[in-house]
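Read through the structure below, which is laid out as structure tokens, and then see the notes.
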Amino acid sequence: MSAPARPAPAAPIRVAAGTTAGQAVRDAGLPSRGAPDAVVVVQDPDGRLRDLSWVPDADVDVIPVTADTEDGRSVIRHSAAHVLAQAVQALFPDAKLGIGPPITDGFYYDFEVAEPFTPEDLEALEKRMRQIVKDGQLFSRRVFESKDEAREELANEPYKLELIDDKSGDLESSDEIMEIGGDELTAYDNLNPRTRERVWGDLCRGPHIPTTRYIPAFKLTRSSAAYWRGDQNNASLQRIYGTAWESQEALDRHLELIEEAQKRDHRKLGVELDLFSFPDELGSGLPVFHPKGGVVRRELEEYSRRKHIEAGYEFVNTPHITKEHLYITSGHLEWYADGMFPAMHIDAEYNDDGTVRKPGQDYYLKPMNCPMHHLIYRSRGRSYRELPLRLFEFGSVYRYEKSGVVHGLTRVRGMTQDDAHIYCTREEMRDELARLLQFVLDLLADYGLDDFYLELSTKDPDKFVGSDDMWEEATETLREVAESSGLHLVPDPGGAAFYGPKISVQVRDALGRNWQMSTIQLDFNMPDRFELEYTAADGTRKRPVLIHRALFGSIERFFGVLTEHYAGAFPAWLAPVQVVGIPVADDHIRYLDGLVAQLRALGIRAEVDTSDDRMAKKIVNHTNQKVPFMLLAGDRDVEAEAVSFRFGDRTQVNGVPREQAVAAIVDWVTRRENATPTAELVEISAETGEG
């Protein structure tokens, strides 16, 4: 179990007053341009990243930030975005600039251009970028004296002007804040290294690398349309994506990962394996599961259901819609309205003249299951003897996601959450959280996901309900439980929902990608809002502590993650078809029918391929369909009451006695092995030979 790989923190160095951070780096003999661990910026005592040209007013200790760290890569990528924008305006002089932030594993920049970018355009832009990098242009920070000065300089950049005008108001995202900054309004100029003349510039907070030569490896990956500021009511711009790394080797590894990820894309595999689809007639973000996908989903849910019963959970069911008042009580309409579908106004009655005889009511599709679970808790008096009370539901919820962010099964509008709410006393709280975290980790591991780290999301000071004392107690309790697990804990300041802090279980998949999976959220607020109580041992009425928990996040998302983790080759216990019988000729179908019937009677999902394809073609087809066990039968097999095993890795074991074959398959499936079965792994041996 591990956290994301990261280099060890560098030792502090002293920057003398009146000298640059870069000079201190050189004096310390630290790596410079060209090395993967070259220092690209420094971190000051307040945690702010500073250019190497930064000159402090007083002596100060700083942390060197190298190119092979996440912060270092982010700076390189931000600078690469500037190089891209310069290249675009050189080749497309009429292009207007949007924003260009670093993102996970890369960067993008938005442009207003007359026509969408083509693959040939991206090739030309890459070539121009390489020349800019080779030129070694200097990044130079400049502070505007006033907004008016900035407006005058950027008079021909309408999107930059909009950001300048919004500087004193609410910027929409951290990407925009990166453009504008906090206390000062600044630009970064690219200077000719010989003449120091300004070549190009952009409104930007920074920081940046010293020169363009600090970008050792980059590549433009694709382009797409994107709404300005993510709002579909705004102009549609053209976005170019790219990636940049500390070395060519790191870039090559990343591109290989992208290629493999494309092969594993669950949207592609969903079609190839006939698992699910997204009919246009239903709308964006609303998947349907086909029979094979339905089998996988059923197995996912059934195993989870069984483990929850063993862990003392009680199953409930709640409706898909509710009256408005429920979400007023819960606070969702105040804090989460943007994520809810519009109200349905129903039950109104009208007179013949159209006047209202009886007012209707607003109903909402539920975005969360928790308020309905609270009503179940509140439906009768509760005693401390009933606690902890663990309510669980596979509950359908509906959330409005903008069409631009909907993505396959991992970001949908209609989903099924494996949602649990645990009500306990404060005295039980810590033990229940520790028990719950271990349950989550164990269950995820049962599905083959066992590389974890934890993230602690704390209060957003601008978006929370409840007292500061409640939040502090909840946060510290979660922190103690997370730390006691022995897993690496990463802080997420301001990342909590409005009603309480949470632990997120982050999982690394087979490609080393991180996914947020399970969430455990402590909530002292909802019991007050719903007036939840229990009778304590001394006869007094007390509020229970509430713990929210979604283990898979949603069934749909978990399905998508597992599909990519296993590249569609689900473990045999989850596979939609576990065994396929392949006859050498039609004369052998009847024998395999009997074998398949025997397997089905033992709970194995098995079938016989009776198509007109030749045997070799059938093997290829079922290998591509990721069927874990292929059983071949010819004359010798029928005569000897045997079969030949064929596996996805093309290994084969011939002449396995029928009863031994059945026992081996049943044993493998019932043990819920997550490895792909091979001749080496499955305990079978041949006693006869088909040849």
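FYI, residue positions are counted from 1 along the chain as it appears here.
Each residue, glycine too, has its Cβ placed from N, Cα and C.
The number of other Cβ atoms within 10 Å of the Cβ belonging to His548 (Zn(2+) binding site), over all protein chains shown, comes to 22. The annotation Zn(2+) binding site is assigned in Swiss-Prot to Cys370, His421, His548.
Taken from Swiss-Prot, the feature domain 'TGS' covers 1-66, and the record attributes it to sequence analysis.
Sequence annotations record features per position, and here Swiss-Prot assigns region 'Catalytic' to 265-571 based on sequence analysis.
DSSP assigns Cys370 (Zn(2+) binding site) to a helix.
In sequence order, Ser330, Asp419, His421, Met526, His548 constitute the residues six or more apart from Cys370 (Zn(2+) binding site) in its chain with CB-CB distances below 8 Å. Close to the recorded Zn(2+) site, the chain also has Met368, Asn369, His373, His374, Asp419, Ala420, Gln521, Asp523, Met526, Leu546, Ile547, Arg549: residues not among Cys370, His421, His548 whose Cβ is within 8 Å of the site's Cβ mean position. Note on the domain 'TGS' (1-66): DSSP counts are 7 helix, 17 strand, 42 coil. Here the Cβ of His421 (Zn(2+) binding site) has 25 other Cβ atoms within 10 Å, regardless of which shown protein chain they belong to.
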